[in-house]
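Quick look at what TrEMBL lists:
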type: ACT_SITE; residues: 542; note: active site, proton donor
type: BINDING; residues: 132, 265, 576; note: FAD binding site
type: DOMAIN; residues: 126-149; note: domain 'Glucose-methanol-choline oxidoreductase N-terminal'
type: DOMAIN; residues: 302-316; note: domain 'Glucose-methanol-choline oxidoreductase N-terminal'
type: SIGNAL; residues: 1-16; note: signal peptide
Ligand SMILES: Cc1cc2nc3c(=O)[nH]c(=O)nc-3n(C[C@H](O)[C@H](O)[C@H](O)COP(=O)(O)OP(=O)(O)OC[C@H]3O[C@@H](n4cnc5c(N)ncnc54)[C@H](O)[C@@H]3O)c2cc1C
Ligand SMILES: *[C@@H]1O[C@H](CO)[C@@H](O)[C@H](O)[C@H]1NC(C)=O
Ligand SMILES: *[C@@H]1O[C@H](CO)[C@@H](O)[C@H](O)[C@H]1NC(C)=O
Ligand SMILES: *[C@@H]1O[C@H](CO)[C@@H](O)[C@H](O)[C@H]1NC(C)=O
Ligand SMILES: *[C@@H]1O[C@H](CO)[C@@H](O)[C@H](O)[C@H]1NC(C)=O
């Protein structure tokens, strides 16, 4: 990993000496010629709107609200600005060892992550302008039509598929050329969506093998709910297009928008008598600030930090707040309904030709050059994922609604020489040495199985009243046996794909070394997979649902269909935490859609005031 960084910087400096024009320099380091954010912005005492958190949700809201020239907007972000390294799509896993990751861990559970470091799950969350979209895997998906219809049926008018689709389109600048459903895409939004220019015979095998199993090759962000696609990615010219690059950098010149980085909000100010939110408290350079909001406070700190901040501010389950010594202003089920996507990313398939990638392979100067100078080559593979497929198991095969996603990885864990993937997933070195090291240097790929519609639900709880202490993260992954059943079927589908002639021409075979802790079970039986799922499956980082959207009659609801916190004035939540149910897809674009829709709701309230 360190070698890759050094090589990168060498290359950048060499190529800069060779072609030392300012333009070249700009192009390499600064996509969009985006200016850096001034860390010492002069803050005012009061703004119309204060947005907490510059992630996928917050960046969109700050952009859209500051379109109104008479409204002043303050965007507060705990982390820093992005850098050159966070832009490299293939190196996504590397970001989790940097300060761009909050670095949370789950509580110990009896049902999951048993074979991982400390028997806990790693819970990476992004910290910086762009939030988790700075460390994510760039995969662009929108979830299934039925996800949103279900949200609406749960008592949230305006959130059905037909009503949210225009907001997906509004955000998007689609630059995909081939085989897309044009009616479903946007072509002049802020968010660039493209394919990696890199093509691999493994992707071809994946798509062909899917077809032989009756799954079409489709535009999964179009009209089809099931099928396989080459990965669509939030990328521009082969570099990461984070929420910040898309929605903040192009508008930093707006004088009514102040962006303050390294500003950690510790409390939302709420008048206990009127239950009106009127400002925030935050720490910046060890100094405490109190800034007021004339119109609204918008909480976009993500699915772990948003519920935590609400609880610190007196909004949450009364019994928990009392335990932490915080006076309750509004008793709500904050932190409940936590849902996430677990994945088996640890299955490696060995092949007999160098058609895959590995850390060693990636040191080739040609690849590094191609990325830096042209924005092309294998470094532009989004998070290492070449393609994805949305499929159904026998447990839910009734409609056009997948319960499993299969993600094709261009390489396998046995190629993770520098340990960035191991680090992301929390794979202990002992496990790596036993299961993967014997195949070091053998070309391999992976197919990760993702449980799209889990039944298990978890919680985020407050530990104590110190805002700088971590909340408790209790995800309860695989607590429901049905989740394990579905996952087993998904794994068997992944393996079946590799047995078709399309993969067999590379002699694809599952790594035969069993996972520690499951060796006593006959290899590759259902019982073996059940054990493996509980030992070595990991989160895809899609935590949602902890400030659930729903009507007053829903006892778990925290915000209403306009994302206003029940019982509190002047306070909305706009991020992944408001999802009443997790979507059957990756969450970044969905949260940007939530940001777009929220901004319109806020505008329609204040436009004529
Ligand atoms: C490893 C990984 C891979 C992923 N891959 C994909 C993928 O390929 N495709 C996809 O669609 N999704 C992916 N995701 C998920 C997706 O990126 C997230 O769901 C999404 O970015 C979350 O958006 P958000 O606005 O809810 O929160 P975030 O983007 O996390 O934003 C919250 C922001 O608030 C800031 N903040 C928090 N607390 C405070 C505070 N007290 N004061 C000030 N600021 C604060 C945080 O620093 C952060 O910037 C991945 C996630 C992970 C972890
Ligand atoms: C959309 O992408 C194309 C190709 O990268 C680019 O030329 C265009 O400027 C982008 N549009 C917007 C609105 O960003
Ligand atoms: C759905 O699953 C059931 C139970 O396994 C099976 O009998 C049926 O054939 C499946 N239907 C389809 C369309 O795959
Ligand atoms: C299948 O999915 C539908 C839609 O989400 C759900 O109502 C139903 O309960 C599911 N069936 C099973 C057996 O899980
Ligand atoms: C890989 O294995 C397949 C199937 O056994 C075989 O046809 C092919 O020739 C092999 N390729 C190489 C490069 O050995």
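The backbone N, Cα and C atoms fix where each Cβ goes, glycine too.
For the domain 'Glucose-methanol-choline oxidoreductase N-terminal' (302-316), the mean pLDDT of the prediction comes to 98.
Counting every protein chain shown, 26 other Cβ atoms lie within 10 Å of the Cβ of residue 542 (active site, proton donor). When the Cα atoms are compared, residue 265 (FAD binding site) and residue 542 (active site, proton donor) turn out to be 23 Å apart.
Residue counts of the domain 'Glucose-methanol-choline oxidoreductase N-terminal' (126-149) by helix, strand and coil are 9 helix, 2 strand, 13 coil (DSSP-based). Panel annotation: around the domain 'Glucose-methanol-choline oxidoreductase N-terminal' (126-149), residues 37, 53-59, 77-82, 86, 89, 92, 95-96, 99-102, 159-161, 163-164, 168, 193, 220-221, 225, 231-235, 240-245, 248, 259, 261, 302, 382-385, 388, 390, 399-402, 407, 541, 581, 583-586, 588-590, 593 of the same chain, lying at least six beyond its termini, place a Cβ under 8 Å from a Cβ of the stretch. For the FAD site, whose annotated binding residues are 132, 265, 576, the maximal Cα to Cα separation is 18 Å. Residue 265 (FAD binding site) falls within a strand segment according to DSSP. Within 10 Å of the Cβ of residue 576 (FAD binding site) there are 30 other Cβ atoms, across all protein chains. All protein chains considered, the CB of residue 132 (FAD binding site) has 29 other CB atoms within 10 Å.
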